[in-house]
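Asker: Have a look at this one.
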Amino acid sequence: VLSAADKANVKAAWGKVGGQAGAHGAEALERMFLGFPTTKTYFPHFNLSHGSDQVKAHGQKVADALTKAVGHLDDLPGALSALSDLHAHKLRVDPVNFKLLSHCLLVTLAAHHPDDFNPSVHASLDKFLANVSTVLTSKYR
């Protein structure tokens, strides 16, 4: 459960991402594909090379979903229900991949916003991404 301080940290941190959210999402995906090559199996039809339009487009989808989640911190299950259905029933993504992408998102955010990425913000973002991952995998059971 996110505390009031966590919610404030998440909103402030994501607000600073601003118009770079899609680029950060794409960079996090690239980091995931490089660091955890087995994750590429879910994207056999994508050009996974650096800067590809398909990775950029999916990075924007990731960013849009996180932006929606940040706007609905008190109802993540409601806000992400359709996305949870998609990943569980149609795409059948291994739940561990959400944790891997979350890690890569944290690294990307820390790299681009080092002055704002203090231990408190790091912990809040980690909790937020863990909650998002839990919601996205909730319909697997």
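Here, residue 1 is simply the first one shown, and the rest follow in order.
Placement of Cβ uses the backbone N, Cα and C atoms for every residue, glycine included.
Swiss-Prot feature annotations, pasted as is:
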- 1-141: domain 'Globin' (DOMAIN)
- Ser3: phosphoserine (MOD_RES)
- Lys7: N6-succinyllysine (MOD_RES)
- Lys11: N6-succinyllysine (MOD_RES)
- Lys16: N6-succinyllysine (MOD_RES)
- Lys16: N6-acetyllysine (MOD_RES)
- Lys40: N6-succinyllysine (MOD_RES)
- Ser49: phosphoserine (MOD_RES)
- His58: O2 binding site (BINDING)
- His87: heme b binding site (BINDING)
- Thr108: phosphothreonine (MOD_RES)
- Ser124: phosphoserine (MOD_RES)
- Thr134: phosphothreonine (MOD_RES)
- Thr137: phosphothreonine (MOD_RES)
- Ser138: phosphoserine (MOD_RES)
Asker: Which of Ser3, Ser124, Thr137, Ser138 has the fewest nearby Cβ atoms, counting only those within 10 Å, among these modified residues?
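Answerer: Fewest other Cβ atoms within 10 Å, among the modified residues Ser3, Ser124, Thr137, Ser138, is found for Ser3.
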Asker: Per 10 Å Cβ neighbour count, which of the modified residues Ser49, Thr108, Thr134 ranks highest?
Answerer: Thr108
Asker: Roughly how many Å lie between the Cα atoms of Ser124 (phosphoserine) and Lys7 (N6-succinyllysine), rounded to a whole value?
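Answerer: Computed Cα spacing between Ser124 (phosphoserine) and Lys7 (N6-succinyllysine) is 7 Å.
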Asker: Cβ atoms within 10 Å, counted per site: which of Lys7, Lys40, His58, His87 has the most, among these recorded positions?
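Answerer: Its Cβ has the most other Cβ atoms within 10 Å: His87.
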Asker: Between the Cα atoms of Thr137 (phosphothreonine) and Lys7 (N6-succinyllysine), find the distance and write it as a whole number of Å.
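Answerer: Distance between the two Cα atoms comes out at 21 Å.
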Asker: What's the CA-CA gap between Thr134 (phosphothreonine) and the residue listed as 'O2 binding site' in angstrom, rounded?
Answerer: 20
Asker: Taking the Cα atoms as reference points, how far is Lys11 (N6-succinyllysine) from His58 (O2 binding site) in Å?
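Answerer: Cα to Cα, Lys11 (N6-succinyllysine) and His58 (O2 binding site) are separated by 22 Å.
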Asker: Do me a favour and check the Cα-Cα span between Lys7 (N6-succinyllysine) and Thr108 (phosphothreonine); whole Å is fine.
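Answerer: Taking the Cα atoms only, Lys7 (N6-succinyllysine) lies 20 Å from Thr108 (phosphothreonine).
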Asker: Compare the C-alpha of the residue listed as 'heme b binding site' with the C-alpha of each of the modified residues Lys40, Ser49, Ser138, and give the closest one.
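Answerer: The answer is Ser138.
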Asker: Spatially, which candidate from the modified residues Ser3, Lys16, Thr108 is nearest to Ser138 (phosphoserine), comparing Cα atoms?
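Answerer: The smallest Cα gap between Ser138 (phosphoserine) and any of the modified residues is with Ser3.
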Asker: Please tell me which one of the modified residues listed here (Ser3, Lys40, Ser49, Thr108) sits closest to Lys16 (N6-succinyllysine), measuring Cα to Cα?
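Answerer: That would be Thr108, nearest by Cα distance.
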Asker: According to DSSP, which kind of secondary structure is Lys16 (N6-succinyllysine) found in, if we only use helix, strand and coil?
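Answerer: Helix, per DSSP.
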